Amino acid sequence: MATHEHYYVPAQSKWPIIATVGMFITMYGLGTWFIDMKAGRESHGPIFFAIGGLIVAYIMFGWFGTVIKESRAGLYSAQMDRSFRWGMSWFIFSEVMFFVAFFGALFYVRNITGPALGGEGPKGIAHMLWPNFQYVWPLLHTPDPTLFPPPKEIIDPWHLPLINTVLLVSSSVTVTIAHHALKKGHRGALKLWLALTVLLGLAFLMLQAMEYHEAYTELGLTLGSGIYGATFFMLTGFHGAHVTIGTIILFVMLMRILRGHFDAEHQFGFEAASWYWHFVDVVWVGLFVFVYVL
Amino acid sequence: MSAVIDDHGHEGHAHGPAKGLMRWVLTTNHKDIGTLYLWFSFCMFLLGGSFAMVIRAELFQPGLQIVEPAFFNQMTTMHGLVMVFGAVMPAFVGLANWMIPLMIGAPDMALPRMNNFSFWLLPAAFLLLVSTLFTPGGGPNFGWTFYAPLSTTYAPESVTYFIFAIHLMGISSIMGAINVVATILNLRAPGMTLMKMPLFVWTWLITAFLLIAVMPVLAGCVTMMLMDIHFHTSFFSAAGGGDPVLFQHVFWFFGHPEVYIMILPAFGAVSSIIPAFSRKPLFGYTSMVYATASIAFLSFIVWAHHMFVVGIPLVGELFFMYATMLIAVPTGVKVFNWVSTMWQGELTFETPMLFAVAFVILFTIGGFSGLMLAIAPADFQYQDTYFVVAHFHYVLVPGAIFGIFASAYYWLPKWTGHMYDETLGKLHFWLSFIGMNMAFFPMHFVGLAGMPRRVPDYNLQFADFNMVSSIGAFTFGATQIFFLFIVIKTIRGGPPAPAKPWDGAEGLEWTVPSPAPYHTFVTPPEVK
Ligand code: HEM
Ligand SMILES: [Cu+2]
């Protein structure tokens, strides 16, 4: 393994410490903001949050910029490339586990909590808490409707969500086509298919926003409408946040490609973006099946 | 031939450390970062320890003497959080940073800048967490397990900062773990096959996997809390169709693997130290690797042994009971191997070995009380008593903490280039050993007699044992200041350490000089 001899160990870096300060200010700001909001007080939280967010955005440009520069300067070896690959794969695995927590919560309330509150099974004694409650999923009646007013209706899976499924699944295909184009050196096709992927991502997000709007304004389906709304918005919301991040990453890749970055050998950045995109896509399929349809 | 190619011009050539404070702030060197982690961990150990002193002072006698019950709750909560996330976990990450590259012949960690980021997030997280003690509403008071709705509906305002602090710690742990995995899988010297790796590297590889698997679940858990508190969701509220028991499932799905995160690296370190001082190779290397892997696997399917009394179905009780007991099998394999390594060895008992042998004996006691707790019907009696406190302190103090002490004494010569003072080291060991047993052994008795945990006051019948506990705890606490003294003394001077100060020790880390140069294995060694 001769590649060992060129393992790049960067000299000191200012980015991590700035990132830490940025994250700290962001978290402090967000926390303060939430606390004050709940207490109905004036808050300096949003300002801190904004400052912290700007710092974080700044270091993202700076840090990733440095990495790109180093990579293009040829400082990275094949071994370095493998480190990045391992890093990205395990990062995606951690993301998967994050969603596992929410999917787990969904399965738990549907299969265990709900029936118990409805009076079924050995824990059905919980029914005496709210004797009028009948458990039917989707939860159009909550145990305590004054505290958690239930939704009037839920999102019909066969309209917007179905379209979104088509959009996202085809975007996984287009990004793969773009990847093949990159490997073959067809830059024109690469740009075209990648741009199309970004557009599909944007379209998905727009439809998702429309769906949320409809849920809040017409269906009474909100974060506060009982556990259906809670799991619905947490799962689709975090997924939407990941689509947003993925779209931004793909957009950055598009910009880099327009500047002539990447070739058949050097394309880890692009591949990482596409892995992330496939992950987001797979999560969506899970969402479509378990949140919308079933 | 240099592995360090510096294109930025700043710092010239990165062969020696930079000067001044900024060396530590900007460093990408695994040894610097390891040192930072270890010092941070020690500070947190003293801070968490001082909280424990408050607890033991209040429990010295029955009745309320020193602190308000409300503050007492904050102390128990913060003690647990600071020790788990601030003392034990970072100490092991520090050891990983220092030793893994040295043990596998790598020039540094795989992702050095991210390594720095992982570290610095921790002080930020703890600043956020600990500062809540000074806010008007007080700090978190719901126990380190922060069960909902105590931590949601009935929580102090500071719970929100607590949540964000946990997020920061989680990000730090995940990045640290990714770094460890990438380093081990990708930066091993030629010839260093997986099954030649020192066990410390193996146990850390598996620990890192556990971290990446469960820290995101903890993040999900606190995020649901955040939503329940501020955005009117009902994850943990039955009125909306959610369930407080759901909280416990999510928490313990993280929590049980977490206890193995805190012990596996200690298993690894002890598996290097015992052979070194027995002058025999480790007995059953392969079975150690498989035992570690099975423990890690089983740790995912036993979480509800913390929830035997919440009303899980009978089959659940049985499943979790037997699955938990199953863990005793690979754990027993490990203990058997350590003992067999010592069997007919040429034993000497320098400080690292003393801590390692105490580890084997006392951790096993903790394992046995764990087995008692694993018996569901018996746990109905034991749960929420001091017996549980005794159990987890026996696995964590002479387990994780002694493992860390053993490692520190074992590798201090390599880190500092000086031998520590053996007499003082032994004194540190015996005082810790006596103090810790005195503090925690009586807890078994008061626990079995029914003394509940997390109380500032108690029935008169428990008075004597509690006083003994408190005296033991004060002894243990004070002894750690003495440890600080020993370490500083070693850093500042002492007999120069040879490259390999322990004649029975094995591993690449002993092939480099002591103190280890700033950059090691720039060209990877050849492993036969
Ligand atoms: C043979 C191995 C072990 C078994 C069978 C075991 C079993 C158990 C059981 C059944 C409980 C729940 C008791 C209750 O709340 O009623 C428990 C609690 C606990 N165990 Fe273990 N355990 C083992 C090893 C460990 C290890 C290695 C650690 C950490 C290094 C550990 C740390 C803890 C902690 C921190 C708690 C208490 C959590 C809390 O409620 O605050 N255990 N253990
Ligand atoms: Cu457990």
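Every residue gets a Cβ built from N, Cα and C, even glycine.
Note that TrEMBL annotation is computational and uncurated.
Now, the feature entries from TrEMBL:
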DOMAIN    B:24-528  domain 'Cytochrome oxidase subunit I profile'
TRANSMEM  B:36-57  transmembrane segment
TRANSMEM  B:77-98  transmembrane segment
TRANSMEM  B:119-139  transmembrane segment
TRANSMEM  B:159-187  transmembrane segment
TRANSMEM  B:199-227  transmembrane segment
TRANSMEM  B:259-277  transmembrane segment
TRANSMEM  B:289-312  transmembrane segment
TRANSMEM  B:318-339  transmembrane segment
TRANSMEM  B:351-376  transmembrane segment
TRANSMEM  B:388-412  transmembrane segment
TRANSMEM  B:424-445  transmembrane segment
TRANSMEM  B:465-488  transmembrane segment
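Below 8 angstroms of C-beta separation, residues 92, 95-96, 99-100, 103-104, 146, 148, 151-152, 159-160, 162-163, 166-167, 170, 173-174, 176-178, 180-181, 184-185, 233, 235-236, 247, 250-251, 253-254, 257-258, 260-261, 264-265, 267-269, 271-272, 282, 285, 288-289, 292-293, 296, 299-300 of the same chain, each at least six residues beyond the ends of the transmembrane segment (B:199-227), sit close to that stretch. Only sequence-distant pairs (6 or more apart) were considered; of these, fewer than three Cβ pairs between the transmembrane segment (B:119-139) and the transmembrane segment (B:388-412) are under 8 A, so the stretches are not in contact. No contact links the transmembrane segment (B:424-445) to the transmembrane segment (B:289-312), because fewer than 3 Cβ pairs that are 6 or more residues apart lie under 8 A. Counting Cβ pairs under 8 Å that are 6 or more residues apart, the transmembrane segment (B:465-488) and the transmembrane segment (B:289-312) reach fewer than 3 and are not in contact. Tertiary neighbourhood of the transmembrane segment (B:351-376): same-chain residues 263, 266, 270, 273-274, 276-277, 305, 308, 317-318, 320-321, 324-325, 328, 331, 335, 338-339, 342, 382-383, 387-388, 390-396, 398-399, 402-403, 405-407, 409-410, 420, 422, 425-426, 428-429, 433, 436-437, 444, 502, selected by CB-CB distance under 8 Å and a gap of 6+ residues from either end.
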